[in-house]
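**Student:** I am attaching a structure below and will ask some questions about it afterwards.
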Amino acid sequence: MYTSHEDIGYDFEDVPKDKKTLKSHPDIDGGWAWMMVLSSFFVHILIMGSQMALGVLNVEWLEEFHQSRGLTAWVSSLSMGITLIVGPFIGLFINTCGCRGTAIVGGLVNSLGWVLSAYAANVHYLFITFGVTAGFGSGMAYLPAVVMVGRYFQKRRALAQGLSTTGTGFGTFLMTVLLKYLCAEYGWRNAMFIQGAVSLNLCVCGALMRPLSPGKERKDPAGRDPQVPPAHSTESVKSSGRLGRADDKEGSPGREETLGDLADQACPEEAGRRKNLCAFRVLKMVSQLTLRVRKGFQEWYSGYFGAASLFTNRVFVAFIFWALFAYSSFVIPFIHLPEIVNLYNLSEQNDVFPLTSIIAIVHIFGKVVLGIVADLPCISVWNVFLMANFTLVLSIFLLPLMHTYASLAVICALIGFSSGYFSLMPVVTEDLVGIEHLANAYGIIICANGISALLGPPFAGWIYDITQKYDFSFYICGLLYLVGILFLLIQPCIQIIEQSRKKSMGGTQV
């Protein structure tokens, strides 16, 4: 899906397609590959960390614009949701522009969204500037960061992805503290302006995404491009003209005027030739770009809309259904916890050590520990994944019952640790669809997570506007999340029963 000409990780031999062998690149699993991990780590800090810290700004927007909580929560939800929803479509940019160019442009667009949001006059203005603009820029920078780590690693891919995604936890902790300080010292408008400047570091991270060099292109023995005809430079024409004059002086002085006229005629001919060469190069560049865009679109279209076999897999369809409800249960606490703390009169304690920072820090350890446990040969990845999901559901149900800072801190720690299963999602997806469909399938799962992040926080805000409590929003989201998990458990059982029936029917026919 994300295989552009400049980002190929392997060189193919000159053999038929069905017998192509892969020649590993020297930077695979080492060298510059660890710079990719570092780049992706900072991308997660700047994008995912900033989005998880938006609860700080959500409180400021409520005080500034005096709108309902459901309407105000749409700003954060749009930013989070669009970042993930556009994931499958960003593949088209990656196929045509490469990961480096896509990430750099994404950093610029994200920074522009933050800066424009500093001048917001109402919440609806923030929908466009922050929700759509900054969210789309985040998606353009986020997906290349994940893709490039996958391209640079083969043997240590799980370790590399795990290390890079820990930037989400570090970023949530750092950005929460940073935004709280900036809002207190300079106000939320100047804080967003400063954050826009900080987001320009995404361009630096994108510049580090050096594409793996493709195979050497065929050249003629002289090393020239066979499609471009050799062109004489002005210096060569002048030097040849001088040589001609010297020879004429020695051999035939009477022909100086004739050779001078020929030299004068050579200048306009050379200028016309250079114009034709420039036009030829422009046409060649346009044709190559057109072919590249067409090829990238075909790969993108066939990868997503032509992958009908993915949706014949019932377990994968159940996995999508699960993803539609899972991510909102993780996002809602980040958006609404700062206000819940204010409602419980726990602001002073929360200012010392924010509850969202507890989730972020424990989330880092959760990813590492769950990844290590899942790699043990005697333990199934699916079992670890499901146990973590059940723990997260239980935490969501218990959160409304806690009204002290200590009890909320314990529940937030459980939420942070159990949500570490996000690092296992690529592994689980690969088990469902196979390595050949992993990229397409994971893009669909990310899109489903984006829809969940888009609708979850506004839904919780609307429930509060109706009931004046956040309790029911957590109960409803937790119940939907539990249904998704149970649906994920039932489908494998149905498949096993159907397979056993087919085998029994085949045995009776024989």
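Even glycines carry a Cβ here, placed using N, Cα and C.
Automated prediction, rather than curation, is the source of TrEMBL annotations.
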**Student:** Would you mind telling me which of 167-187, 440-460 TrEMBL tags as transmembrane segment?
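**Tutor:** In TrEMBL, residues 440-460 carry the label transmembrane segment.
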**Student:** I'm a bit unsure how to read this: which one of 74-94, 125-147, 381-399, 440-460, 472-494 has the highest number of Cβ pairs shorter than 8 Å with the transmembrane segment (315-335)?
**Tutor:** 440-460
**Student:** Sequence-remote contacts (6 or more beyond its ends) of the transmembrane segment (32-54), Cβ cut-off under 8 Å?
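**Tutor:** Contacts of the transmembrane segment (32-54) (Cβ under 8 Å, skipping residues fewer than 6 from its ends): 75-76, 79-80, 83, 103, 110, 138, 141-142, 145-146, 148-149, 152-153, 160, 163-176, 178-179, 195, 198-199, 201-202, 205-206, 208-210, 331, 334-335, 356, 360.
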**Student:** Out of 74-94, 101-119, 125-147, 355-374, 472-494, which stretch has the largest tally of CB pairs under 8 angstroms to the transmembrane segment (381-399)?
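**Tutor:** Of the candidates 74-94, 101-119, 125-147, 355-374, 472-494, 472-494 scores highest.
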**Student:** Are there residues at least 6 beyond the ends of the transmembrane segment (355-374) whose Cβ is under 8 Å from a Cβ of it, and what are they?
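**Tutor:** Hits for the transmembrane segment (355-374): 49, 52-53, 55, 158-159, 162, 165-166, 168-173, 176-177, 333-334, 337-338, 341, 381, 384-385, 388, 405, 408-409, 412-413, 415-424, 427.
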